[in-house]
Amino acid sequence: MIGIIGGTGIYEMAEYGRLERRGSLITPYGKTPEISVFKLHGRRVAFIPRHSPGHDKPPHMVNYRANIWALKELGVRQIIATNAVGSLKRSIGPGDFVVPHDFLDFTRSRPSTFYDEKTVHVDMTEPYCRNIRSALSGSSGVVDGGVYVCTEGPRFETPAEIRMFQTLGGTVVGMTGLPEAVLARELEMCYASICLVSNYAASISPSKLTIDEVFEIMDEKKNDLIDIIDAAIRDLKTEQSCPCQHALRGADVNNHEEELYEGFNDICKPEKEEQHHDGP
């Protein structure tokens, strides 16, 4: 099953397939927003609105652990996340799409691991799944590669912070991409992001940053974003051939790998999916 974590502007994604069910899940970390499970191109897809349907959860208050855990419980093995971002480069402007290959984490107060009671050091040498990245960047006009900088929010960044991020090699800056990527890796799920640039970052932009421009760009480009995700779902194979699915090998100091996410073995069995493309 494929999971889609929808950010600003694409809450209609669930209407593009054949709806099977819809509802919230109770996890050890709390209740999730309403998740829609539907069929698209022969694949089962679970869509979860990151901020809740009314966009009433600010980035630093999103229950990232509950969202990722719930997707794992549903049997999701591959996650496509969408993120609205500001650009740190003049060559990448509002309306452009970026598929990052790495990240810088400047979040501070968010629960960022499932392993508070076990000593687990998951490898992040390749932070985003190569297979999903390839599927997303196959669409025309998508920038393949970049460094995603995640800040705590909910405020926008200062000019000094933006200069620091640029010096460190950042490409885009947002508030929602982490700890999602890490949590997915800790549960051995494939994860990649498609970022839509909504504005230039502070001091690069000639004007004051507002949330209005974020929503304006998302509204203008949401159909293109949905098309990119749709094409990626068509291209993604059910069989995994990437390191993501073995991320916990060698990660547990006490070598109790089989106990790290006890309870998923019966729930998350390999999915048998149709291989034909039957369209929305």
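Any Cβ shown, glycine's included, is placed from N, Cα and C.
Among the features that Swiss-Prot reports, phosphate binding site is placed at THR8, ARG50, HIS51, THR176, with the record citing sequence analysis. Taken from Swiss-Prot, the feature substrate binding site applies to MET175, ASN199, TYR200, ALA201. Residues or ranges marked as site 'Important for substrate specificity' by Swiss-Prot on the basis of sequence analysis: GLU157, ILE211.
Ranking the recorded positions MET175, ILE211 by C-beta neighbours within 10 Å puts MET175 at the top. For the pair formed by HIS51 (phosphate binding site) and GLU157 (site 'Important for substrate specificity'), distance between Cα atoms is given as 20 Å, rounded to the nearest Å.
In the structure as shown, the Cβ atom of ARG50 (phosphate binding site) sits within 10 Å of 23 other Cβ atoms.
Put simply, of the recorded positions GLU157, MET175, THR176, ASN199, TYR200, the one whose Cα is nearest the Cα of ILE211 (site 'Important for substrate specificity') is ASN199. Annotated pair MET175 (substrate binding site) and ARG50 (phosphate binding site), C-alpha to C-alpha distance, rounded: 12 Å. Among the binding-site residues listed (ARG50, THR176, ASN199, TYR200, ALA201), ALA201 has its Cα nearest to the Cα of GLU157 (site 'Important for substrate specificity'). The record assigns MET175, ASN199, TYR200, ALA201 to the substrate site; their largest pairwise CA distance measures 15 Å. Annotated pair ASN199 (substrate binding site) and ARG50 (phosphate binding site), C-alpha to C-alpha distance, rounded: 21 Å.
All chains included, 26 other C-beta atoms sit within 10 angstroms of the C-beta of THR176 (phosphate binding site). DSSP gives ILE211 (site 'Important for substrate specificity') a helix state. Put simply, TYR200 (substrate binding site) is 17 Å from THR176 (phosphate binding site) when counted between their Cα atoms. A sphere of 10 angstroms centred on the C-beta of GLU157 (site 'Important for substrate specificity') encloses 22 other C-beta atoms.
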